[in-house]
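Summarising the annotation, Swiss-Prot assigns [4Fe-4S] cluster binding site to Cys130, Cys151, Cys366 and lists similarity to another entry as the type of evidence.
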Amino acid sequence: MTSETVIAPSLSTAQNDGTFTYDKVKSTAKERKHLNLKNPSDANEIKSKIWNYYSLSELIQYLGQKENDDFKYKRITLQFPDNLICDSATIVHELQRELNIVPQANQDTGESNTAQRVWILADTSYSACCVDEVAAEHVRSDLVVHFGDACLNEIDKLQAVFVLGKPTLDVDAIVKQIKTAYSTEQKVVLMSDAPHTYLLPEIAKQLPDYDILIADLPKTSRAKIIGYTPPPTGHKKFNRVFNTDTVEFGKYELFHITSPESPRLLQLTTNFASVTTYDPISGTVSTGPFPNLMRRYKYVHQARMAGTVGILVNTLSLANTKVLLNTIKEKIKEAGKKHYIFVVGKPNVAKLANFESVDIWCILGCDHQGIIIDQINEYYKPIVTPYELLLGLSDELSWTGKWVVDYKSVLEEYGNEVIQQNEDPDTDEDLPPVFDPVTGRYVSTSKPLRQINHLMVTSSEQGGVDDHDNQLVKRFSNAVAIKGTVSTSAIHLQNRHWTGLGSDYTEDENAAGALVEDGRKGIARGYDI
């Protein structure tokens, strides 16, 4: 018998430090292009740039206001977009130092306190350009300080302060691009995102021979803009103020500094003679391609034929959101269609694909970033705006080509319109056949609520036990109802070939099922059969 060492069998692959390679953080320095730092590792330079970029002196003076010897704003929330969150820690430290705020643990005892407290909000529930009232209400905030680009829409409840920042621009390069793109006979509107707006007057001064109209920031009732003074009066349009009484925008060329998001860009291209965007980083201009308006006209017709409308709430902070939501619900009901309301945070393809019964989506969101413009058919169902939906539900479909996203304008145009209904809803014979103008097919489910009086809801046994309690959907005469109301989701589930686990067998099959047998035992390396 040999004395060789017995080696136990290896149960897994040998591993050491060289088996796997992990990514390691080589540097903790944060890239802050917006600050134009000469030495990114110099803490003093970073602090000085942050004070100047965000106008912290004016912000601290505003936050330090008092009423009756007490702070006016005690629970302050700071909202940062993703590209500015790197400055949040420094800003909070400076605010705490200047306002004598003592850092506290994130515990709310509910007791009244005369001291100020500061929270940081990041990863907003909806569009980053909107004030996140939902997150602010979690700590019962009485003031939201919004940093970075903002849509400046009227907000619903809370007081807000906008700190847009002071980015730099190569003014001479922009003036050169404008002179190259336009002649002195053309009328030009200068517009930009909110942070770059303070530089527009300087650009206009270098173009004395041009007919230039500047788009200033508007004055809002529940918010203040730090480092910027909006004009008191003017013609308000596109969330901007123009220093004139009336403007025929169709006669103006638009030169926009920075490239807007698709909803904003579509809105601008439908109102100006032409649109040219300028990229401050690369210094290049673009004249297209831009979102197509003809596709929106197709979606209006699809909204007219849709039987089930999903109302997708993509904001809860804008003013008139609840009023518009109630108006849309009433118009959908008057048109004989079914609606469902969804609040899913930030929408994406996977979230909306879970609701197959929805024929079309109507999104309530900010006109800058909160509206989904599906240019590549990424989503399974069309997505329309409230204006497009109400236009499709109206009795006479007449579109002038304008694209309206402002809540107030939509309510003024369609809020008082009454959708006509048949005098006798009990007779289907008077209803004309409906054909889809896109596909040409006959549509029998465009108005499911018109059939509500024909429902014959019956039960297999009154007061007894249902033999088919494993079925989610009960079949009725012509439709499906849940709690006395038509459910198009249940109808859709009923018409599917496969309706879920447990529905793929009938009474004729063996209810006892198969016998349970012993399976394999052991580990994955070797099973005992």
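Just so it is clear, glycine is given a Cβ too, placed from its N, Cα and C backbone atoms.
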- Cys151 ([4Fe-4S] cluster binding site): tally of other CB atoms within 10 A of its CB: 22
- Item | binding-site residues compared (Cys130, Cys366) - the one with the fewest other Cβ atoms within 10 Å | Cys366
- Translate the DSSP assignment of Cys130 ([4Fe-4S] cluster binding site) into the three-state scheme. coil
- For the [4Fe-4S] cluster site built from Cys130, Cys151, Cys366, further residues of that chain with CB within 8 A of the site's CB center: Tyr126, Ser127, Cys129, Val131, Ala150, Asn153, Thr315, Leu318, Gly365, Asp367, His368, Gln369, Gly370
